[in-house]
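K.L.:
Below are the features I grabbed from Swiss-Prot:
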- 16-36: transmembrane segment (TRANSMEM)
- H60, H377: Fe(II)-heme a binding site (BINDING)
- 62-82: transmembrane segment (TRANSMEM)
- 101-121: transmembrane segment (TRANSMEM)
- 144-164: transmembrane segment (TRANSMEM)
- 182-202: transmembrane segment (TRANSMEM)
- 233-253: transmembrane segment (TRANSMEM)
- Y243: O2 binding site (BINDING)
- 267-287: transmembrane segment (TRANSMEM)
- 304-324: transmembrane segment (TRANSMEM)
- 337-357: transmembrane segment (TRANSMEM)
- H375: heme a3 binding site (BINDING)
- 384-404: transmembrane segment (TRANSMEM)
- 413-433: transmembrane segment (TRANSMEM)
- 451-471: transmembrane segment (TRANSMEM)
Amino acid sequence: MMRKWLYSTNHKDIGTLYFMFGIWAGMVGTSLSLLIRAELGNPGSLIGDDQIYNTIVTAHAFIMIFFMVMPIMIGGFGNWLVPLMLGAPDMAFPRMNNMSFWLLPPSIMLLISSSIVENGAGTGWTVYPPLSSNIAHSGSSVDLAIFSLHLAGISSILGAVNFITTIINMRPNNMSLDQMPLFVWSVGITALLLLLSLPVLAGAITMLLTDRNLNTSFFDPAGGGDPILYQHLFWFFGHPEVYILILPGFGMISHIISQESGKKETFGCLGMIYAMMAIGLLGFVVWAHHMFTVGMDIDTRAYFTSATMIIAVPTGIKIFSWLATLHGTQINYSPSMLWSLGFVFLFTVGGLTGVILANSSIDVTLHDTYYVVAHFHYVLSMGAVFAIMGGFVHWYPLFTGLALNPYLLKIQFFTMFIGVNLTFFPQHFLGLAGMPRRYSDYPDTYTSWNIISSLGSYISLIATMLMLMIIWESLINKRIILFPLNMNSSIEWYQNLPPAEHSYNELPILSNF
């Protein structure tokens, strides 16, 4: 039993490990976010000073991004579904796949230890120098966080190489690239983004490490360095990263919507592929829109404003194609469909606030206020997380062969929907009123919206616990699925439920596409 899980080279077992790790990390990250909202629930300080507060904020961001969303979306859904959807017997490099997973537990341990030794890394997830220099953050906290990022980065790069190789080499004989399922495409593009952006982050944080410990001056003006260089390097990774977090979600939503609509494929399949490629490409040329306040040239700001707005075009193509897929169907409000509809609506809202922030002139005012927090939590907490939830309840019968309770799932969806909206909608108002980010306290003027926001976070907590209870109930009661209720336009539903340990002993052949 021990050997099965420690030395596994089976994509399904490794996918399950990723799910368990991601759910655990998600609970840690959620606890941290509740500490943040408890601190901000009333004026005055509750937990302590801004150092401990910012340490909590930093850990919350890193855990949610690197140990919850990425492991579940790419590691969990990617590992499980990509080989099944391609008709491949496993991933291209099964042992490397195992290593990708086992680099994550040491990585999260380093991250957690960074917040419990010395004063913690209170730098925000961006780890900007000079705040992250050895003067402002003496001690080993930031160094531990850097090593944690290195491990998580190596894990993701190895995973990316694995997915790219699998997708290029392990398709059925006569399946062309444009015939691949959209989820496989989305994971492939995500892997490419990871492969191109993570080495830049590794370079940036390695330079920061030597600045802190070996007396170099990459980011120290006293020695001829420039802290702005760090920001450029970080955001050259950081912006593709946010698309890495959402693209697999796009793929899952495409599958769920077409299946639940009873359509054989998504509307504008090829357009969806090109839209994802465009989003991936454009994601690399807009990074400095995170830096409108550092004093760039007017023409530079004009370029980054325009380029950022162009991303709205392929994103809009995706939104309208999903709506077109839904068109003319009698919508069946199943739990996975509810998550998808919630995703499309809330992701659009988050996207619109993004277009507002893309204007460099307006962003000077809104930068580092709660407006930005509201924007990215709409696309992450209601985009990425809704996609994860929708994908989970949609494919859970395939992964386990068991049924979840749909009635409880609907209650859970509406609880979560109310919770996240109540948490993050008021933050738009706080941002417009000028409440800055990353402070543990605020003037009394902002009290009312903060109380409402914190109330929403407690509702989300109840929803999260309800989800865990639903999964537990399903595993205890073991309502075994006799046959899938799905359209078999996606090949993964032709498996046994759950699939056999080795699903494709002979390779499938494509016919009548």
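Just so you know, glycine gets a Cβ as well, placed from its N, Cα and C.
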K.L.:
Within this structure, do the transmembrane segment (233-253) and the transmembrane segment (413-433) have 3 or more Cβ pairs under 8 angstroms, counting pairs 6 or more apart in sequence?
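P.N.:
Since fewer than 3 Cβ pairs under 8 Å link them, the transmembrane segment (413-433) and the transmembrane segment (233-253) do not come into contact.
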K.L.:
Which residues does H375 (heme a3 binding site) neighbour through Cβ under 8 Å, counting only same-chain ones at least six apart?
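P.N.:
Same-chain residues close to H375 (heme a3 binding site) (Cβ under 8 Å, separated by 6 or more) are G350, T353, G354, L357.
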K.L.:
Need a quick answer: max count of Cβ pairs under 8 Å to the transmembrane segment (62-82), which of 144-164, 267-287, 337-357 is it?
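P.N.:
Looking at each of 144-164, 267-287, 337-357 in turn, the most contacts to the transmembrane segment (62-82) are made by 144-164.
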K.L.:
Give me the CA-CA distance between H60 (Fe(II)-heme a binding site) and Y243 (O2 binding site), in Å, as a whole number.
P.N.:
19
K.L.:
Does the chain bring the transmembrane segment (233-253) near the transmembrane segment (384-404), so that three or more CB pairs sit under 8 Å (pairs 6 or more apart in sequence)?
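P.N.:
When sequence-distant Cβ pairs are counted, the transmembrane segment (384-404) touches the transmembrane segment (233-253), since at least 3 lie under 8 Å.
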K.L.:
Can you tell me which of 16-36, 144-164, 182-202, 267-287, 384-404 gets the most C-beta pairs within less than 8 Å of the transmembrane segment (101-121)?
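P.N.:
The listed stretch sharing the most Cβ pairs with the transmembrane segment (101-121) is 144-164.
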K.L.:
Could you say whether, by DSSP, H60 (Fe(II)-heme a binding site) belongs to a helix, a strand or a coil region?
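P.N.:
The residue in question, H60 (Fe(II)-heme a binding site), is helix (DSSP, three-state).
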K.L.:
Which residues, sitting 6 or more apart from H377 (Fe(II)-heme a binding site) on the same chain, put a CB under 8 Å from its CB?
P.N.:
G350, V420, T423, F424, Q427
